[in-house]
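Enquirer: Questions regarding the structure given below will be posed in turn.
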Amino acid sequence: MRRFFLLLAVLLAGLGPALAEGPTDKRLSEGQVLRGQFLQERHLQGFANPLRSEGRFVLAPGHGLIWQTEKPFAITTVITAAGLAQEVNGNQTLKLEASKLPFLNQLYDMLSGALTGDWAKLEAGFTVTRSGDDQHWQVALKPRKADDPGMPFQALDVTGSAFIDEILLTKPDGDFDKLAFHDQAISGQPLSEAEAAAFATTGP
Amino acid sequence: MRAAALFWLLLVLAAALYLGWRLHEGLRFRTDLLALLPREAQDADAQHANDVVTAALSRQVMIMVGGPDRDQTRAAATAIAAALTQPKLMELTTDSFGKDRLRRIGELYFPYRRGLLSAQDRQSLLEGKPEAVSLRALSQIYGLVGMADAKLLQRDPYLLLPDFLTHLPVPLSRLSLDDGLLALRDGGDYWILLAGQITGDPYALAFQAAFGDALDDAVAAQRQAHADLQVLRLGAVFFAKAGAEQAMGETSTIGLVSVLGTVLLVLAIFRAVRPLGLTLVAIGTGVLVSLSACLLLFGELHVLALLFGVSLIGVAVDYSLQYLSEIFALEGGAPRERLRRVWLGITLATATVAIGYLTMFLAPFPGLHQIAALAAIGLAASWATVMLWLPALDHSRRPRHGERVLSWAGAFLGWWLRPRSPWWGWGGAALLLLIAVGGWVRFHPDDDVRRMQSLSGPLMAEQDRIQQLTGATGGTQFFLVEAADDESALQTEEALIDRLGPLLAEGALAGFQAPAQYVPSAARQRQNRELVHRELDGPLLAQHLGQLGLDQLEPPPAEDAAFLTLDQAVAKEGALGFLGSLLLTGGKGALHVVKLDGVARPDALAGAAQGLAGVRLIDPAGDFSQLLAKYRHRALGLLALSAALMTPLLIWRYGWKTAPRVIAPPLLAVLLAPALRAWFGASFTFFDGMALVLVLSVGVDYSIFLAETSAQRQRVTMLAVAMAAATALLSFGLLALSSVQAVHAFGTTMLIGILLAFLFSPLARTARPRPEPSR
């Protein structure tokens, strides 16, 4: 769970500077929506092949994130300030209200900082190393407390250009997740009805 | 006479020495109202379970420390925790939530994983839908909120154990572990929970003080650094402390006002200091002897018994007033002569009143035994002092203002003496009947024990806030599951859990924790293994593994391997700490508790237990209310009994014809007092019933004094009775001001009853004592 939030934070944090430093001011703001495709590879030791999944995501400031896995089967994960909900083939399998995720608020603070390119909030918990130029940049995050049991990864490496292109998440036991993003676009179009409905599923 | 007086002096000195020694040792007072209630041994197992659960609940303490800043709040909470745990005043259970705990839970359950299924997975397998389990697992492995771990998947490819673990009922679900402390965020504030058990008796004043002071000091110290630190408290010890402080405060206030009032009254009537001194000697020996005798008898006293005991001053003073008022009599005479005129009256009164108090011993209430003993011994001691010491210490002569004082008493008596047409009597009787009938129509009993205690308002607010923050409901109801052994108890619980599911959905209760949820019965574990083997190990497994691309699995545990037992679960220290509190020891077989949270419809729950052998819904507050109802009836029985016991004595003394005139005034008071209370909408409780027992005894006193006196001495006796009533009102009546509902009810009924007994007492003046049996 916590890993997921960190991933989300990094996803948004990566966007911040990229957007802010791009040719035009593409900083994601209220009312704008970032849509894109993802390819997730989960490398587990003892598995011949990585677990691959792919799908689409929708990131809307003020609303939250829709993570829609389409292959190998349909899993929709929605996260908002109200909580988290997961559906598999149209059946809800998980629902956690924000009240049961007490640190959601805290993470939202961190996210909003990240969205405006404020890395300071992430730097409280991680050493942040940046390299490259505006067109091809890398950010490496390492937890400051190496043995914190609440920190289920060893390193997080993000590479990007206009947007985040790839995230590599390494776990202590050698497993790692690779997330690649493509076909990303920002639009000022309002949320579709389906998207708005998805965000509503996390509510009470 | 002289020898008896000396002997009495020795006894009083011994009592004083004993009391002094006990005071030096430090007195122990009990403060919980429930300790006053009887121990019913009808159902030993239920009583045992009730005691164990109640004791465990009463020792639970929750303290929440909150503030806007996470680090500051954590530091403050840690310091406060240290201030309570280092002197061993409290043991924290939230300590065991460290990072080790999850690992320990994993170690405990892992070997038995094939017998442990979440309710949802089990349902899917029972319905023959194993694909649902496979899909659930795949979504967890592939999804963004991934739980995939290669080693785990090789041993538990369907992630059955993680699903079982995430569905375990967790008390206080709004809290989560943040770097070793249980915390939550609410608005802009960060809160830390410190929960645990106090190490002492929450109802012992000494422990209350030590615990309360340590907490207050620690909070004050932290507030110096962070003024915006918030601290919320929840626990019986806090309520008990507030209640005890209130009762002690009331005792000293009521006692002081009562003593001051009596002093002023005696000074105003006698206009001399010596009668006051003599009165104080009589009261003092009464209180001293009764207190030390009761400490010797009971070891410790209840604060409420002490509160009632203090009001005894009002009765103990009666005998000295009877004697002292004789100074106003026209015939005057030496002290011994004056005593001779009243001794029979006060002795008879002491005997009848003692009978009244001693009937309290027939009710099996430990607190009432203390009150009865305090009262009876105190009265006897005051009586002995009046008889043996007062004439020797008295050198007073008839004061000059005597006639004026007597004329006041005569004025009141004159109202009764005035000749009237018989219609007056009939009219008066009709009016009284109207009051009585009107009142008895409005009469309604109330036995809810929760309304008898006064609970501190600020503490209630803190309790509500904590419950709102944590999601804890603080319920005291539970199911008791009784069976021959743990296995059958667990099986019974599994049947019960099936019935509770729908009630949970309907909102009849908010949650529950049963041992069988943490450790399924061996039968259930065997059935689960069979289900897993039949539904999940077949072709579906190959398909599932194919989807994952996993080719090697660790061999599963043998089908005939041992099952997880409750003993193992409890022995794994730090893993399931609260499980131990659901298992009671000391019974014949297994005694389990299913704790209930947020019970909205007790009737629905009682229905759920029906037909399940050995399952009972226990509701301690409800049970105590039922007991109070039972003993309210018993108090009325005592009233009838004590009237019945007094009557032969009065008939022996006054004969058939005039004895009713002696018994009429107290009887009228006893009948009219609750009627008048009911007119004002007050309900009738057990405590009103006990007050009526006392009204009867005190009222009989007044009647006897007036019946024993001669026509020419009537005014003197009336004066003494008036003073006795005034002092009784000053002491008992002041209890009406108490904020403890039970004491308030007792006091108000006493106030009205004694007033009525006094007003009607002249009725007894026409009773004719038979010739004195002896001189």
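Heads up, the Cβ atoms here are built off N, Cα and C, so glycines get one too.
Residues or ranges marked as domain 'Membrane transport protein MMPL' by TrEMBL: B:214-405. Annotated transmembrane segment per TrEMBL: B:253-270, B:277-298, B:304-321, B:342-365, B:371-390, B:402-417, B:423-443, B:635-656, B:676-704, B:716-737, B:743-764, in sequence order.
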Enquirer: Just to confirm my parser: what is the rounded mean pLDDT across the domain 'Membrane transport protein MMPL' (B:214-405)?
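Expert: It averages 83.
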Enquirer: So what's near the transmembrane segment (B:423-443) in sequence-distant terms, Cβ-Cβ under 8 Å and 6+ beyond its ends?
Expert: 668, 671-672, 674-679, 681, 684
Enquirer: Considering only Cβ pairs within less than 8 angstroms, which of the stretches B:277-298, B:371-390, B:635-656, B:676-704, B:743-764 has the most against the transmembrane segment (B:402-417)?
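Expert: Ranking B:277-298, B:371-390, B:635-656, B:676-704, B:743-764 by Cβ pairs under 8 Å to the transmembrane segment (B:402-417) puts B:743-764 first.
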Enquirer: Hey, which of B:253-270, B:277-298, B:635-656, B:743-764 has the most Cβ-Cβ pairs under 8 Å against the transmembrane segment (B:342-365)?
Expert: B:635-656
Enquirer: Taking residues 6+ outside the transmembrane segment (B:371-390), which of them lie with a CB under 8 Å of any CB in it?
Expert: 1, 4-5, 8-9, 12, 278, 281-283, 285-291, 293-294, 297-298, 305, 308-309, 312, 315-317, 319-320, 322-324, 335, 339, 343, 346-347, 350, 353-354, 357-361
Enquirer: So which residues does the transmembrane segment (B:676-704) touch in its own chain, when a touch means Cβ under 8 Å and the partner is 6 or more beyond its ends?
Expert: 315, 318, 345, 348-349, 352-353, 355-357, 359-360, 368, 435, 438-447, 452, 628-629, 631-632, 635-636, 638-639, 642-643, 646, 650, 661-667, 669-670, 721, 724-725, 728, 732, 742-743, 745-750, 752-754, 756-758, 760-761, 763-764, 767
Enquirer: So which of B:635-656, B:716-737, B:743-764 is most in touch with the transmembrane segment (B:253-270), counting Cβ pairs under 8 Å?
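Expert: Most Cβ pairs under 8 Å with the transmembrane segment (B:253-270) come from B:716-737.
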